[in-house]
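Since the structure comes first, as C-alpha cells, the remarks are kept for the end.
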Amino acid sequence: MPKPINVRVTTMDAELEFAIQPNTTGKQLFDQVVKTIGLREVWYFGLQYVDNKGFPTWLKLDKKVSAQEVRKESPLQFKFRAKFYPEDVAEELIQDITQKLFFLQVKEGILSDEIYCPPETAVLLGSYAVQAKFGDYNKELHKAGYLGSERLIPQRVMDQHKLTRDQWEDRIQVWHAEHRGMLKDSAMLEYLKIAQDLEMYGINYFEIKNKKGTDLWLGVDALGLNIYEKDDKLTPKIGFPWSEIRNISFNDKKFVIKPIDKKAPDFVFYAPRLRINKRILQLCMGNHELYMRRRKPDTIEVQQMKAQAREEKHQKQLERQQLETEKKRRETVEREKEQMMREKEELMLRLQDYEEKTRKAEKELSDQIQRALKLEEERKRAQEEAGRLEADRLAALRAKEELERQAADQIKSQEQLATELAEYTAKIALLEEARRRKENEVEEWQLRAKEAQDDLVKTREELHLVMTAPPPPPVYEPVNYHVHEGPQEEGTELSAELSSEGILDDRNEEKRITEAEKNERVQRQLMTLTSELSQARDENKRTHNDIIHNENMRQGRDKYKTLRQIRQGNTKQRIDEFEAM
C-alpha cells in the first residue's frame, strides 16, 4: 500500500492536517478542507502553495497533488485563501463562515499594507474589528489596556501620527462603544462593506509591458481588467469590463485579449515570465465565470443556501432579542436589588441615629437627675447652716439682754461693761452678715434646683417623643432571581473562450457608490476621524500612496467614479490609449 502524504492546510483562523494518498487530486483535498470547515460557497476559494522556485501558486484541482510543483517538505504546506472576490459583499456572501474568512483575509491585507487604507478609514475599520471580536463595549469587562495585544491599524498609519499606542487604543475604544448593539457577524460585514471601497481591494496586480515596452500594471478583479501606470496602483487609467471580452490567450510571454467588438484590435501585452501569464489566464477565467453567474438567476443550490442563511439569520435575531430581553430583565432586577440595598442601608443608618439620640437623651437625663440630687443636698446643707446661725443669733440676743439686765441690776465698772457690750455688738454684726449670706445662698440653690427641675421635665418629654416615634419601615430582601446564561512545459500556448451571452449591456457596477456616500453614519464618522487625526499627523511621513489618495480625494474621485471614467469611449479607443501609454 502506498505511503500516505501528510498535508497541513492553514486557513485564516485554523490549522488542519490531513493524510492523503499519492493519487489524491487537488479537488479531493480541496473538498476535504471545505467539508471540514463547513464551507459551501467554495467558488471564491483555492489552495495556495509556494512552488519549488519560491513563487506563490494556486493548486490545480484537476491534477494530482503529488504531480504539482509543491515544495517538498513534511507536511506539505498549503494556505486556504480567497482567490476571487465578490462584487458586493452584502449582496453575495451568504454563509457566516464565508464572511468571516473574507473578513480575516482582507483585515490581514490592510494591516500588512498590501491593501492601501487611509488613516481615518483604518481607525474606523479597527473599531469594527474590535466589535467583531469582543462584541459590545462594556467598561466593567473591557478595562484600560484590553486592546493591548490586538493588531488594530497598519504600522504605516501609526508611524505617520504623533500618538502613543494608548492614544490609538483610546480612539478605537470610543468608536467601539459607538457600535453597541451590533452583532459580531454584522460587524464583520460592515468592515467588508467599507473595505471593498478601497482602491486596491480584491485586485491581483501583474507587471506587464505594452508593445512600446512601457512598464505598467495589469489589475485583474471581479469587474474586469484595468491598466495602471507603474507608479500608481490606486488609480487605473484604462478599464475593460468582462462583458467586452470574448477570448483570452497567451503564447509564451505574449498575452492576447480579443474584444467582442469586431472593429476593435486585439489587446496585447507582455509578461516577464510564462508562469505569470498562466496565473493571469486562470484569474481571468474564474472572475469572468463569476461575473456571468452573478448576472443570471441563482441556481437551486444558491437559492437553498440563501433561504437557509435567511432562516439562520432570523433565528439569530430572535435569540439576540431574547438575550436582550433577558439582559434587560436581569439589569432591572439588579437595579431593584441595588435600590433595596440602598434603602436598607438608609433605614439602618436612620435606626442607628434613633438609637444614638436615645442613648444621648438617657445619658443627659441621668446627668440632670444627678445634678438635681446634688443641688438638693447643697440646699439642705445651706438650710441647716442657716438654722444653726439663727440659733446662735438668738442665743447672742439673749446673752445681750442678760448682760443689759445685769448692767442695770449690778454696779460694775463702766469700762468693763462697755468693753463686753462692744464685743457682743461686733459678734452680733458678724453673725447677722453670715446669716444674710447663707440666706442668699439658699435662694441661689433654690433657683438652680428649679432650673434643674425644669430641664429634667423637658428632657423627659424629649425622651418620651423619641421612644414613642414610629419605627422605620421594614427592609424587604429582593426575591432571588437566577439568570442562566506544472509545470507549463506541456506547451506555451493556452486559450479560453469567454461567453458573455445575455449580459452585453449589464454593467450596473458602474452605477455603484461607496458605502460612505450612501451611509450618513459612516460618512460622519470618517469626517470626524479625519479632523481628529489631522491634528496629530506628521506631514513629512506621508507615503507615495498617501499623496495619490489625497489628490484623488481633492478631485472628488473614488473607486466607482474612476471606474466609470476609465471605461468611457468604445473598446478600440481604450486599446489605442493603452498602446500609447
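The first residue you see is number 1, and the count goes up from there.
The backbone N, Cα and C atoms fix where each Cβ goes, and this holds for glycine too.
Database features (Swiss-Prot):
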| type | residues | note |
| --- | --- | --- |
| DOMAIN | 2-295 | domain 'FERM' |
| MOD_RES | LYS60 | N6-acetyllysine |
| MOTIF | 115-120 | motif '[IL]-x-C-x-x-[DE] motif' |
| MOD_RES | TYR146 | phosphotyrosine |
| REGION | 244-581 | region 'Interaction with SCYL3' |
| COILED | 302-462 | coiled coil |
| REGION | 306-341 | region 'Disordered' |
| COMPBIAS | 308-341 | compositional bias 'Basic and acidic residues' |
| MOD_RES | TYR354 | phosphotyrosine |
| MOD_RES | SER366 | phosphoserine |
| MOD_RES | TYR476 | phosphotyrosine |
| REGION | 534-560 | region 'Disordered' |
| COMPBIAS | 535-560 | compositional bias 'Basic and acidic residues' |
| MOD_RES | THR562 | phosphothreonine |
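A straight line from the CA of TYR354 (phosphotyrosine) to the CA of LYS60 (N6-acetyllysine) spans 88 Å. Taken through DSSP, the compositional bias 'Basic and acidic residues' (535-560) splits into 16 helix, 1 strand, 9 coil. Its Cβ placed at the centre, TYR146 (phosphotyrosine) has 16 other Cβ atoms within 10 Å. Secondary structure of the motif '[IL]-x-C-x-x-[DE] motif' (115-120) per DSSP, as helix, strand and coil residue counts: 2 helix, 0 strand, 4 coil. The highest number of surrounding Cβ atoms within 10 Å, among the modified residues SER366, THR562, is found at THR562. TYR146 (phosphotyrosine) sits 40 Å from THR562 (phosphothreonine), taking the C-alpha atoms as the reference points. Cβ-based neighbour count (10 Å, all protein chains) for TYR354 (phosphotyrosine) stands at 15.
Taken together, the residues in the region 'Interaction with SCYL3' (244-581) have a mean pLDDT of 81 on the 0 to 100 scale.
DSSP assigns LYS60 (N6-acetyllysine) to coil in the three-state reduction, placing it in neither a helix nor a strand.
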